[in-house]
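Quick look at what TrEMBL annotates:
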- 60-90: domain 'Alpha-D-phosphohexomutase alpha/beta/alpha' (DOMAIN)
- Ser68, Asp280, Asp282, Asp284: Mg(2+) binding site (BINDING)
- Ser68: active site, phosphoserine intermediate (ACT_SITE)
- 111-177: domain 'Alpha-D-phosphohexomutase alpha/beta/alpha' (DOMAIN)
- 182-287: domain 'Phosphoacetylglucosamine mutase AMG1' (DOMAIN)
- 301-435: domain 'Phosphoacetylglucosamine mutase AMG1' (DOMAIN)
- Glu374, Ala375, Asn376, Arg496, Pro497, Ser498, Gly499, Thr500, Arg505: substrate binding site (BINDING)
- 488-523: domain 'Alpha-D-phosphohexomutase C-terminal' (DOMAIN)
Amino acid sequence: MSINLKTIYAFAREMYPKKSIELIQYGTAGFRGNADFLDSVMFRMGVLATLRSRVLGGSVVGVMITASHNPEPDNGVKLIDPKGEMLDTNWEVIATELANVSDQELEEQVAKIINENNIDVSSQSNVYVGMDNRYHSPRLLKAVSDGVIALKGNVKEYGIVTTPMMHYFVVATNSKGAYGQATEEGYYNKLITAFEKIRGNKLENGKYRNYLLFDGANGVGARKMLNFIKRMHKSLNVEVFNKGDGKINHECGADYVKVQQRCPVNMPVTDANVRCVSVDGDADRVVYFFTDNDGIFRLLDGDRIATLVANYLMELVKSCELELSIGLVQTAYANGASTDYMVNKLKVPVSCVSTGVKHLHHKALEFDIGIYFEANGHGTIIFNNKAKQSITKAAGLGNENAKTFLLVIDLINETVGDAISDILLVETILHYKGWDVNEWLTCYDDLPNLQLKIKVQDRNVITTADAERVCLTPVGLQEQINDIVLNYNRGRAFVRPSGTEDVVRVYAEAATQREAECLAHDIGILVQKVADGIEPN
């Protein structure tokens, strides 16, 4: 099989010319930006995915077209490696270089990738492509597929799917079905079967009520939850809102609920203490919330989900009489109270890493059972071979709790944070404990906190270290932040450049909401001065 790179170059220049000279960088969210300028990037990522598959012996590589929690005009693309993990860090650099070269340099750049990685262009290559439901996604999916075809790779289009589903399809195929069947029905069947076997016929328990309000962010998650409901035997009573009639993520979705600390639009939460849940545009983030008896909004975010899951898994490990290490991985955004609860109450070791799922996932692999969640609700649980073998052996010896444990593992999408899988897990745990939202909330008291986004011309003027908790540049900024924090009771704050937008993010927490707001405001003013070129003093 021969590949004429000159032909590829000519096709790309004619069909997918580069429209922007602005630098675009592959980060934890892949590439992301205004959809009008992404056609050339998509074509080139189709090319790259084909080369990546060949490097990995023809294993399936996934490509997901989504902008997740971003506004509807945006879109993006990220590649999925064969085990469902994010793209290898070294190839992030290659992706960035490929996306940014001019049309005239494209042929030379592709040849360079082939030569430097000793790629046999005649070998097998397999790429799966999926997209969210943004109106420009079909156009961008075609660009990716054309990139695959241009290098004579095999492409399979899954159409509109959630990001976690794409990760599942890739792993299911590469594991030759051991992880599940690489179809949409296979995905539904695996999660629903595990959920309904654990739950049994008793749909309510203690204070737990079988009723859930679901905010789909007008994204693909709403469509897929409706498909789940059709296939479930009334084992979970879900009412779906923001099904797709409005703009994706506009005043709804997990990010809106988390940051704004308010209910999404078009979701009538009239009764107190009703469990509500929001996912983001591509359904890999989830947060719970409710309104209490006094009409006050209450958030149960990724930190709350992580502590709930950790407690439950510890009980299962103990009941199975297994010696397995459990660890929780968080980011600097984790509420300090959740970390204290995990370390001092549950006695679970906690690690802090930089923002981005790839960092959490990598760290979680160090434990037999690694739990990772960002406060925004993006997370999952990973079980290593030792854990799975130990649990399987206990189940084989007749331990009923171990049999349940195996079903719990099936219920979890280990490849990536999966909002719907996480919802089913949370519902399983709350049902088991017989808890309502108030009992879940009272495990610990969150420290009041606030997040701000400061619009800047160049977010890269700020660099960080120590899991993004310390500013390295501009010199003197961290000292200024430290001085401000000292003015507040139980104060903690950090700033970091966004990975996807030209903004600097500010996080602050303190003993009272008023203090948290003032702390965030003070830090925000400082950051704005830095962004405007005024040196901290």
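Cβ from N, Cα, C; glycine included.
Nobody curates TrEMBL annotations by hand; they come from automatic prediction.
Feature map: TrEMBL annotations on the structure.
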| residue | record | Cβ contacts under 8 Å, 6 or more apart |
| --- | --- | --- |
| Ser68 | Mg(2+) binding site | Ala29, Arg32, Gly76, Thr163, Asp280, Gly281, Asp282, Asp284, Arg285 |
| Glu374 | substrate binding site | Gly302, Gln330, Thr331, Tyr333, Ala334, Thr355, Val357, Leu360, Gly417 |
| Asn376 | substrate binding site | Ala254, Asp255, Lys258, Arg285, Val287, Asp301, Gly302, Tyr333 |
| Pro497 | substrate binding site | Arg459, Asn460, Ile462, Thr463, Thr464, Val503, Val504, Arg505 |
| Gly499 | substrate binding site | Gly27, Thr28, Ala29, Thr355, Gly356 |
Margin query: Let's see if you can do this one: DSSP helix, strand and coil counts over the domain 'Phosphoacetylglucosamine mutase AMG1' (301-435), in that order.
Written below: 75 helix, 18 strand, 42 coil
Checklist line | Beyond the flanks of the domain 'Alpha-D-phosphohexomutase alpha/beta/alpha' (60-90) by 6 or more, those residues with Cβ under 8 Å of it | finding: 26, 28-36, 38, 41-42, 45-46, 48-49, 52-53, 126-132, 134-137, 140-141, 144, 163, 166-171, 173-174, 217, 247-250, 253-255, 280-282, 284-285, 357-358, 361, 414-416, 500
Next item on the list: State the non-local partners of the domain 'Alpha-D-phosphohexomutase C-terminal' (488-523) in its own chain: residues 6+ outside its ends, Cβ under 8 Å from one of its Cβ atoms.
Entry: 27-29, 32, 70, 76, 332-333, 335-336, 355-356, 447-460, 462-464, 468-471, 477, 481, 531
Notebook entry, point to check: What are the DSSP helix, strand and coil residue counts for the domain 'Alpha-D-phosphohexomutase C-terminal' (488-523)?
Noted result: 11 helix, 13 strand, 12 coil
Next item on the list: Within 10 Å of the Cβ of Asp284 (Mg(2+) binding site), how many other Cβ atoms can you find? Include all protein chains, please.
Entry: 31
Notebook entry, point to check: Taking the Cβ of Asp280 (Mg(2+) binding site) as centre, how many other Cβ atoms lie within 10 Å?
Noted result: 36
Margin query: Using CB atoms and a 10 A radius, I'd like the single residue among the binding-site residues Asp282, Arg505 with the highest neighbour count.
Written below: Asp282
